[in-house]
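The annotation region 'Disordered' is assigned in TrEMBL to A:1-23, A:275-304. Residues or ranges marked as transmembrane segment in TrEMBL: A:28-57, A:69-89, A:101-123, A:129-147, A:159-179, A:185-205, A:325-349, A:361-383, A:395-414, A:420-440, A:452-474, A:480-500. The domain 'Major facilitator superfamily (MFS) profile' annotation in TrEMBL covers A:324-514.
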Amino acid sequence: SFPGERTEEETEALAAGKSPGTEAADRGWAWGVVLHFFLVNVLVIGMLKTFGIFFVAFQEEVGGSSEQVSWIGSIMSSLRFLGAPLVAVVCRRLGERPTSIIGAGLVGGGCLLSTQATSIPFLCISMGLLLGMGFACLYQAAAVMTAKRCRTRLAFSNAIARSGMGLTFLIAPFTQLLIDSYGWQGTLLIFGGIMLNLVPSSMLLRPISTQLPQHSSAKNQNRGALTAKKDSEALDGCLDETTHREIQQRSAQDLPTTEGLRMCHGRDVSGAVNTPAWEKLQKPPTDSCSPETATEAKKSYKSLPLTEKENSQPLLDFSPLKDPIFCIFTWSFLFSHLAYFVPIFHLVARARTLGISSMDASYLISVAGITETVSQLLSGWVADQNWTKKYHYHVAYLVLGGITNLLCPLATTFPLLMTYAVAFAIFCGGFMALILPVLVDLVGVEKLHSYLGFAAFFAGIAAIGGPPLAGWLYDYTQTYVCSFLFAGACALISPISFFFEPSAQKWKLKKANL
Amino acid sequence: LLGVPGTSVEKNITLDRRTRIELSCRLDNKYSHLKSLQVTWKRGNETVRHINKTETSWSIQLRILDNSKLGSYSCTLKGEEEISAIFNLQVPKIEGKEKPIVSYEGDTAVMICKSFGYTPIAWAWYMTNGSEQIAINDTLLANKYVINRISANVTHMKILKLTKEDNGVYWCEAAFELGKSKGKLKLKVLSLMVPLKPFLAIVAEVVILVTIIFLYEMYSKKKEKSA
């Protein structure tokens, strides 16, 4: 009874201590995560966009045809998406912070290694592979951490972080300046250093509920400490869950256990699931009570076996592929990506074919960029007000964007084209800002890693196929009109899947209750 | 060439091989009322004869056989006002590079010269030492300079094992039937320390930030532990 009393006191202390003081600290850390995500967006997207400037320098010095050199850029940008499932696995095993630091290290190391490049295949690996994987690590870890930290204002924080992409236009002249002063090798060296800045900002990705590791690591001197830390990092802010584990650790009483379980019912399942696995380690020290509570936990959660497997064998988790919600989301994600990239590529070219000078055309692009950033922030803020479900906004933006694209061929003068660009930027910014919040709404935060990983993988396939497809469309029809019609069609096809969302949810519930 | 009274019009003509060319000055119909016009064709100060004349146009025919025939030819119409037009006959221009090529000690630098549209007979490279131009002989210094003619219009020169002395201005010269044309390139050789300094500064900043965040985390953990 003495351990039990102490347990109750401690749980009260924990519960009390958590709320006022650490909530402010939590909010501070949430801003830190947004700052990190912002930096990731600026540097990653900036690096991808300025690759074109390096292209010329590589071609002259290292030799090789322009097709070979452009392979480097393609590998870099496609691995960012295609590497996501693998990164999701790593994230779940190690936690976001180590993954992000590894990502920053890969990027920095890749840049530094590229300075020694002497041939195109070398660059393909050092710049394409290393940088691509590093970007994937950074992006995945930052996105999921943002979703985990900023529960209430996810859309707005996501939009703030994505506005980093708007700043990337500054990186291009900066890169040119560096290349003129130091040559491409010196520029890559300095870029490597700048990317290393992502290491301290990755350290801001503090795992949630950091109190428990102190307690648990103090108790378990052996490997339990390490797994406890891992488990706590995988915990998704379920405060009651931590107290629940405290209780279970010392010959628990049944009443607080079930209370703890019930309190967490509305939140994440995996938190409760971690405990049985962790408890298996604890079996030798605590004898009778842990198996009981373990079985009790198993009884009250039917989905336990699946997620248990998830935790004990964290290999590639293919369960998202069987989920209809995932199919809905990926369908929409894929088509909206196509609808986004194709007009961007062809807007300037279309402006030129209409006789607009390239100065005015680049003016179009900068106005569109600024409008997009502003619209992202607005859309994020509006979505956070929770007037209606987030994916309704998403669908609305996509439909309006599709209609705008379909009307684009009617824009034949500069003012009309400017109107099109502004409208397109508004709707694009709107739906881009909502991709992550919509996924979080549909899926919840604990499975976000695997879902985001696979969704990014499929988006990567679209990203690889998009530009060549657009180019082929132009070659086939000899006009850019078709690309815009195609983009408009894609944008209209993508929200169709969301109409199946309510029925998919019902189907899922039925399956879970079976 | 059509001219407006009181002004001077100029036209550049590029020739890369021996040819016959006819230059003609024609007065626009607007100004055909100007009578008593005296037309002179000049090259520099020298008057050219053999002018073919019609009512409104005056032309000369030239056989350009070598460099000495190139230059500026002008036709001057003297009446109440003076109208003149200048034809510049020149060899094709070679483009070098505006911005200096940056490379590092011990590394290799590649210099490219292109001729647009016209194929030169031969290429030659020169290095400027002080005020003199020294020809670069790649057979003599084969482990230092490698000159390649990649295609008919493009020449590459690779300078191996760069040192500080290789800093400076280089000229690529294209030889045409009618003369030679030069392009200018600048080479800047930096030591490895130059970009290393900003890099080390950034790394130092990163280390400082990491330490600060690490210390702050330890501090806040201690605070939570004692709380």
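Glycine too: its Cβ is placed from the backbone N, Cα and C atoms.
Unlike curated entries, TrEMBL annotations are predicted automatically.
Spatially, the transmembrane segment (A:101-123) is adjacent to the transmembrane segment (A:69-89); three or more Cβ-Cβ distances between them are under 8 Å for residues at least 6 apart in sequence. Beyond its flanks by at least six residues, the transmembrane segment (A:480-500) meets 324, 327-329, 331-336, 338-340, 342-343, 345-346, 349-350, 353, 391, 394-395, 398-399, 401-409, 470, 473-474 of its own chain at Cβ-Cβ distances under 8 Å. Same-chain residues lying 6 or more positions outside the transmembrane segment (A:395-414) and placing a CB less than 8 Å from one of its CB atoms are 332, 336, 339, 343, 351, 354, 356, 360, 379, 420, 423-424, 427-428, 430-431, 434, 481, 484-485, 487-492, 494-495, 498.
Stretch with the most C-beta contacts under 8 angstroms to the transmembrane segment (A:28-57), considering only A:69-89, A:159-179, A:185-205, A:325-349, A:361-383: A:159-179.
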